[in-house]
Structures are given as structure tokens and as C-alpha cells.
């Protein structure tokens with residue numbers, strides 16, 4: 001062993017010493033000590049020192065010494081410690097020693113005594129560390145405990161804690177973080193995670209926590225600037241800290257008073273700073289004394305020192321401080337014959353343990369970090385499932401990928417987690433035990449305010465466990481517990497978790513979604529009345545978060561992934577139960593019931609309670625419409641709310657039907673004039689064409705809105721401009737001569753939606769996104785103006801030199817995108833901003849006033865807010881109708897009055913209809929129903945046309961007629977197929993007038 005620094009005369013009486021360098025004073029020479037017994041551990045504080053040695057017979061000898069002043073000379077006297085357990089490691093504070101046994105027990109020793117006392121009741125401990133007057137311990141299950149002085153928050157327990165604590169206290173803020181190391185300095189402490197995340201707390205007067213300030217921290221705080229450095233070791237002095245990375249680079253921070261930071265200055269550093277003089281030399285070990293630092297470069301067999309040197313602790317042969325790393329003066333012949341295994345520093349002392357066999361050096365990973373928190377690997381799981389056939393799979397290890405942990409990278413290999421979960425599922429007993437541990441211990445212990453990304457990994461791991469549990473149909477309670485734990489997270493930590501969800505691959509993100517979504521259907525299965533909707537609310541809130549994350553993903557999961565499968569049947573169940581209750585009421589009231597009064601009352605209450613529970617569940621789901629498919633929204637929620645709203649308005653305002661009389665030639669002017677005269681609430685809008693006798697039972701309104709769409713697209717002055725390439729309409733930017741037309745345009749769209757009519761104005765999806773509060777993107781501009789958008793995409797895709805050769809500036813076709821935009825060139829750096837601003841100008845800013853008026857009118861026209869539950873695509877189809885024509889279904893569903901399906905006239909009609917072109921068929925559909933676009937939910941498969949014989953004396957001289965409200969076609973009994981073809985084509989092409997039917 002080499003030793004240098006304070007008390008080198010007898011070196012604690014450890015053995016014979018020999019000075020190996022020539023200096024003017026023996027007090028500052030480096031000594032080589034041939035110890036009587038091999039030394040494995042050394043710890044030195046300001047006033048105490050401790051050593052672990054082994055006798056020749058293999059017995060362990062633990063010795064502790066205390067500094068004594070004798071005739072102006074400092075001496076140390078070692079004495080054996082009477083410890084019944086074998087000691088694994090030890091650490092020294094100013095005047096106390098902490099011992100860790102191989103069994104994981106912790107003992108504290110006062111140097112005045114030779115008998116250590118047990119410390120608290122701790123789970124098996126794997127690491128201990130001491131500051132000047134405090135101690136910390138890391139247990140095998142990953143928990144950190146601290147005790148001692150707490151003047152500067154060095155115990156990390158947070159606010160409001162006593163300044164001294166004699167019993168170990170749990171640092172809850174580090175729960176869940178897999179830790180590789182704990183360490184402590186004067187009055188500050190650190191913990192290092194397996195992913196290389198560094199957490200510091202305690203005194204920070206000189207920046208020794210590396211947080212960029214001098215504010216003490218009462219609880220662990222992440223040193224975020226070290227996150228990408230792949231830290232593998234942290235060590236502390238009295239007021240400075242050193243960090244070693246996987247690449248052998250050293251960073252230091254804190255007090256530089258004696259040069260202990262190695263930056264060729266005496267300045268304090270508030271953030272980690274690279275020790276430049278060691279750059280290029282792969283450092284394998286670094287340790288800190290009180291005010292000095294040592295670094296070992298194994299490849300060069302050199303130990304570098306810097307910092308305070310008054311007691312010779314730098315090994316440079318003099319008693320001066322040193323602010324740059326310089327080699328310790330070890331002679332080459334001694335180094336050539338020995339391998340340095342470990343270096344130690346403490347107080348004003350320095351040591352290097354050596355082996356005589358070259359190449360036998362253990363290195364850092366075999367010594368300092370051999371004890372880390374427990375990891376679940378193949379050996380453990382295979383032992384659990386020993387009776388099962390399973391392939392061997394790799395242990396979860398800390399690899400370079402693991403060091404990439406950040407806000408955008410979890411640093412966890414979920415494929416390993418998936419395999420582990422599948423292996424656990426091979427034995428039901430093991431799986432149930434794991435589930436029980438998670439429910440009873442893990443979930444309740446999760447921290448609401450985790451301090452690092454690693455703590456959030458559990459929320460990525462749990463869905464993989466839920467995945468196998470759901471296959472066993474035993475996951476509901478653990479899913480509810482997991483969802484509750486997520487929602488308990490502080491908002492900022494929840495945002496971080498959402499960021500991690502965003503980065504998951506499609507497969508693993510789907511697993512997360514399915515883990516929570518799959519149990520929701522259980523709330524509506526038989527026996528659902530026993531479920532608690534409070535639990536369902538918790539799960540739905542988590543699904544809402546996941547749905548929002550999905551909308552931001554580059555590759556989105558289909559919306560159907562979030563749908564609850566059996567909700568549609570719930571609406572039918574409620575209707576059936578209501579019908580059943582009505583039948584029972586009728587039977588009882590008319591005295592024909594075969595049950596007694598008590599049974600009737602009991603049965604009615606039971607049914608009523610079930611209906612209420614189901615309706616409460618439906619009301620809850622309305623708040624989370626993304627879990628409902630389009631058909632459920634349309635036929636269930638939307639129709640129920642429409643009917644309720646209309647009934648409410650009738651009860652509040654009376655039946656307020658407004659009959660709008662319009663002429664076909666003056667339809668647009670008549671419509672706007674009518675709307676300007678409305679001064680009260682208007683419920684259903686009914687339409688009558690002037691000089692026509694048709695009554696509006698729905699069909700007239702459908703035709704009105706169909707004609708209105710064409711009129712609005714061609715009106716003058718224009719309020720809509722149609723893109724020639726896409727054929728889609730957008731608000732005009734030239735609105736000088738326009739007053740309230742945008743408002744009434746919105747009102748008409750809202751009223752069409754409210755009246756379940758189609759108003760196809762060929763709007764792009766961007767409009768419906770804006771109505772729903774979503775932000776249009778470049779993809780929306782591609783739909784509206786393909787050429788314009790493709791030019792912007794070209795700017796994004798090209799190389800840097802190509803972009804600058806385009807000579808673009810921050811302007812669109814008409815105006816500047818930013819102040820002085822015509823003078824700001826588009827470059828590869830700002831091109832994304834340019835494209836975003838261009839899209840924003842085109843779809844938002846340039847039509848800001850127009851859309852605001854339109855939106856206000858839309859809300860007036862459709863007073864029910866349930867439409868906001870629809871997705872943009874669904875709302876667009878609801879307003880503009882569908883073009884999914886299943887023409888065969890029209891014939892399959894047809895009914896006949898006065899004809900039989902086998903009659904020649906019917907066969908001729910369908911043959912002619914089959915011969916029609918697509919446009920002719922759409923024209924016929926308009927003639928029959930009033931519109932050529934099908935209202936959403938009213939496809940041809942649901943449309944039932946009735947073909948009625950038109951009774952007339954000269955059939956060949958008459959045209960067919962239609963009753964649009966009832967989808968009836970009045971067809972004369974033509975004498976031939978040619979006459980039928982001619983008359984039908986003439987009717988659908990030229991006849992627009994509603995008759996008496």
C-alpha cells in the first residue's frame with residue numbers, strides 16, 4: 001500500500017513503511033507500506049480512520065483509530081473492533097464510523113468504544129456513506145435512509161424536519177429510482193441512478209450540488225446537466241464534488257478555494273465543469289479528500305492529484321496547494337512491479353492499494369459499484385417458474401442505451417419487460433403473488449412527485465404486466481390502482497410521463513392504451529350495476545390523457561383503439577328496460593297484471609335503479625366521447641340530446657316553429673331576409689317553397705339545403721372562394737362589401753346540423769378542426785390547396801443549400817408573415833417556422849374575423865353543444881353528408897304499393913336504374929329524397945323507398961313524382977321500358993316542384 005499525507009510517520013501502525021521518494025522533509029514523502037495483513041477497505045475522516053484487514057488464518061480484523069494530539073504532534077492509535085458479524089464495507093464521518101455487514105446490517109461506532117451498536121431497523125443494506133455529521137444507507141430493495149445532523153438539509157427529508165435525527169429516516173422522494181450508488185461529503189449528499197442520473201441535496205454554499213446556484217436543497221434534486229454524460233461514480237469532499245463518466249472523463253464543481261477542482265483557478269464552480277488537464281486520459285477511479293482530489297489513469301499507471309497540499313496529501317513532495325492535476329511522485333520501478341487496485345482519500349490522507357501481480361487490478365466496476373439495487377433477471381424468474389419449460393433470456397443490465405435516459409427517452413428496454421411478464425404468466429400462482437405485491441405494496445408506495453425520469457418507468461412497465469393479467473381476466477382492480485397512481489402524479493411529472501408515452505413504439509403504446517381501455521367494457525356487462533363509476537371515471541381520465549398523446553404522435557393509433565365495444569347495446573338495453581317498465585305499468589293500471597302489489601313495486605324499483613345506473617354511466621361517457629364509435633354517438637348520444645334539447649325548448653318557450661317561405665329563384669335573398677327578421681329563439685326550421693303545396697316533414701328542408709349550398713358557393717359578393725384544383729371552399733379574404741353574411745352562413749350550417757339536414761359547402765377538414773378548437777396543419781392545407789402546400793413541403797424536404805437558393809422571404813402571396821418579413825430570408829434553420837407561419841396565415845389569421853362571425857352564427861344555429869363530441873371527420877360527414885352509395889341496398893329495401901316485385905314495370909324500372917351513370921343515380925336520389933348526399937347514419941342500407949302506383953288515365957303521358965318526406969316514388973304503369981326510361985330521366989332532370997304529395 002502507498003500512503004501519503006497527514007500522519008505518514010507510523011501510518012496508523014499498519015506495517016513497516018519505506019519512503020520511496022527523496023524530499024526535504026519526511027513529513028511530505030510517499031511511503032510504501034508492507035502491511036501485516038491484507039487491507040481491503042479504508043475510510044478516513046477528520047478525526048477517525050477505519051480499516052478492514054484479513055489475518056493469515058482468514059479471520060477478518062476491523063480496526064478503528066482516533067486522531068490524538070501529543071506534544072504538538074498528531075498521532076493515531078488503532079484498536080480492534082469487537083463485531084460479531086463479518087464487515088463488508090465502512091465509511092467515516094468527522095468523528096464516527098458506520099460499518100456494513102455482509103448480512104446487510106448497519107452498525108455505528110464511536111471511536112472511544114470498541115463495540116459497535118446496531119442502527120435502527122432497516123431492511124438489508126448494500127451501501128453506506130458518511131458526511132461530516134450525517135450518514136446515509138441504501139437498502140437492497142432500493143430505498144434510501146438518512147440520519148444525523150440536518151442543519152443544511154443533508155438528510156434530504158424536505159421541509160419541517162428536525163435539525164438532528166438519531167434514527168434512520170426514509171427518503172420517500174427517491175423511492176422507485178433504481179440506484180447504483182450513494183455518497184456524502186461535508187454537509188451534502190448524492191445518489192446515482194443506474195441510468196446515470198445524479199441527485200444531490202444538502203448544503204450548496206459553494207455550488208457543490210452542481211445546480212447552478214448556491215441555494216441549499218432540503219430534498220434530492222436532479223443535476224440535469226449531467227444527464228447525458230453517462231455518470232458512473234460520484235464522490236464528495238467537504239465542499240466540492242467530483243464525477244466520473246463511463247468514458248473516463250472527470251467533472252468537478254463546488255469550492256475551488258484550494259484548487260481542488262483542477263481548473264487552474266481558485267474559483268468556485270456552480271455547475272459541473274470538465275477537468276481539461278485530464279482530457280484524453282481515460283480516468284478509471286476518482287476520489288475526494290476533504291479539500292483535495294485524486295484521479296487514477298490505469299492505462300498510464302498514474303495517479304493525479306490536485307487541491308490542498310499543506311499536509312502532503314497531494315504526494316508532490318511539498319506542502320503547497322495545486323490547482324491543476326499533476327502525477328503523484330511514485331517511482332517508476334515500484335509502479336512497474338505493482339498494480340494499483342483502489343485509491344482512497346479522506347480528510348488530509350491519500351492511499352493506494354496495490355497487488356503484486358501485474359494485470360490483476362480489479363477496476364472500478366468490480367469494487368465500488370458491485371452493490372446496486374436489486375434487479376429482476378432470468379435467474380430469479382426461472383427460479384419462480386422452475387416447473388415450467390422456458391427459454392433462457394438475458395438479464396436486464398446497464399448498457400449504453402440505459403444511460404440515454406432523458407425527458408424524451410425512458411432508457412428501458414420494453415422488449416425485455418415483455419418477455420419477463422410472459423414468463424411470469426406461465427405460473428398462475430406466481431402471477432397472482434406478483435399481482436398481490438403490486439397491489440399491496442408497490443402502488444401505494446409510488447411517489448406523487450418523483451424527482452427523476454427513472455421513477456416514471458414503472459408506469460411503462462405496469463401495462464406489460466396488465467397485458468398478461470388481462471389474458472387471465474384478473475386485472476380490473478390493478479388497472480384501477482394503476483390509473484389512480486397516474487392521476488396522483490403532480491402535473492409537471494404527468495407531463496413528463498405523457499412525453500414518454502409519446503416516444504413509445506406503436507406496439508408498446510397500444511399495450512398501454514389497451515391496458516386501460518379493455519377493462520372499461522366490463523362496467524357495462526351483466527352485473528355492471530355493482531360497479532363503481534368512480535373507478536371508471538379514473539380510468540377514463542387516464543384514457544383521455546392517452547388519447548391526447550395519440551393525437552400528437554407521428555403515427556397515430558386508429559381512433560377505434562380507444563372505443564368501448566359494448567356501449568351501443570347499453571342504449572338498446574335502456575330502451576328495452578323502459579319499455580318493460582311501461583308495459584308493467586299499463587298492465588297494473590288496467591288490472592291485468594298477474595303479480596301482487598309488493599312484487600310490482602319491487603320489480604319496478606329494481607328496473608328503475610338499473611336504468612338510472614346505466615344512464616349515469618352513459619352521462620359519464622358523454623364527457624369522454626373518444627371512447628364512443630360514430631354510430632353510438634350518432635344514434636345514441638346525439639339523437640338523445642337532440643330530442644331532449646327540443647323538448648326542453650318547447651317546455652320553456654313553447655313550440656317555436658318558424659316557417660320560412662322562399663322562392664326557388666330568390667332563395668338566397670329570401671333566406672337572408674328571413675334570418676335578419678328573427679328576434680326570438682327558433683327551434684326547428686321548416687321550409688316552404690313559394691307557389692308549391694309541399695309540406696315540410698323533412699324532405700323539403702333537405703332539398704332546400706341542397707339548393708342553398710349551390711347558391712352560397714356562387715353568390716355575389718362572394719363569401720366563399722372555391723379552389724380550382726381541390727374544388728374545396730374557404731372563406732374569402734376580400735370581405736369589404738360583406739356585412740352579416742358570414743354570421744348567417746354559420747347559422748345556416750348550425751341549423752342544418754340541428755335539423756339533421758345536409759349542407760354540402762365543400763369545406764375542408766380544417767374548418768371542422770377550427771370549430772372543435774384544434775389547430776390546422778400543413779396536411780390540412782394540402783387538402784385545400786395541394787399545389788401551394790406541396791411547395792411548402794418542398795421547402796421542408798430540401799437540403800440546406802437548395803433552400804437558400806429559393807430566395808424565399810417571410811411573406812405569403814399577399815402579406816408579411818412577421819414584421820419586416822420581406823427582409824427576412826428563409827433558411828434551413830427557420831424554414832419550419834416559415835411553413836408554420838404560412839399555414840397559420842392561410843387558415844387562421846387571414847380569415848380570423850370571417851371565422852369568428854361564422855362560429856358565432858354556428859353556435860346560434862345549433863344550440864346543443866353535444867356536436868363537440870364528434871371528431872373533425874365525423875362532424876364533416878354529419879354536416880356535408882356521405883357519398884358511400886350502396887345502390888343494391890336501395891333495391892333490397894324497397895317496398896311496393898299497387899305493384900308486386902315481379903311486375904314487368906318494376907323489373908323495367910330497376911333495369912333502367914342499373915343502366916344509369918353515377919351522376920344520374922345521384923340525380924335520382926335528389927329527386928327522391930331532396931339531396932344527393934346521405935345524412936350520416938342514413939345510408940342506403942337504412943333507406944326504405946316505397947314505389948307506389950300512380951293512378952292516372954294516361955300513364956305514358958305522365959311523369960313520375962316523389963314525396964321526399966316519406967321517400968315515396970309515384971310511378972305510372974308505363975307501357976314499355978323505353979317510355980319509362982324517357983319519362984324518369986325527364987322527371988329527375990327537370991322536375992323540381994313539390995306537388996300535393
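Yeah, the Cβs are placed from backbone N, Cα and C, and that goes for glycine too.
Unlike curated entries, TrEMBL annotations are predicted automatically.
Quick look at what TrEMBL annotates:
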ACT_SITE  965  active site, glycyl thioester intermediate
DOMAIN    675-997  domain 'HECT'
REPEAT    104-141  repeat 'RCC1'
REPEAT    142-195  repeat 'RCC1'
REPEAT    196-247  repeat 'RCC1'
REPEAT    248-299  repeat 'RCC1'
REPEAT    301-356  repeat 'RCC1'
Across the repeat 'RCC1' (248-299), what does the mean pLDDT come to, as a whole number? 95
Inside 10 Å of the Cβ of the residue listed as 'active site, glycyl thioester intermediate', count up the other Cβ atoms and send me the figure. 19
Other than its close neighbours in sequence, what residues sit by the repeat 'RCC1' (104-141), given a CB gap under 8 Å and a spacing of at least six beyond its ends? 43, 45-48, 50, 64-66, 79-83, 85, 89-98, 147-150, 154-155, 167-168, 179, 181-189, 191, 202, 236, 238, 371-374
Tally of DSSP helical, extended and coil residues in the repeat 'RCC1' (142-195): 3 helix, 25 strand, 26 coil
Counting each residue once, how many in the repeat 'RCC1' (196-247) are helix, strand and coil under DSSP? 6 helix, 23 strand, 23 coil
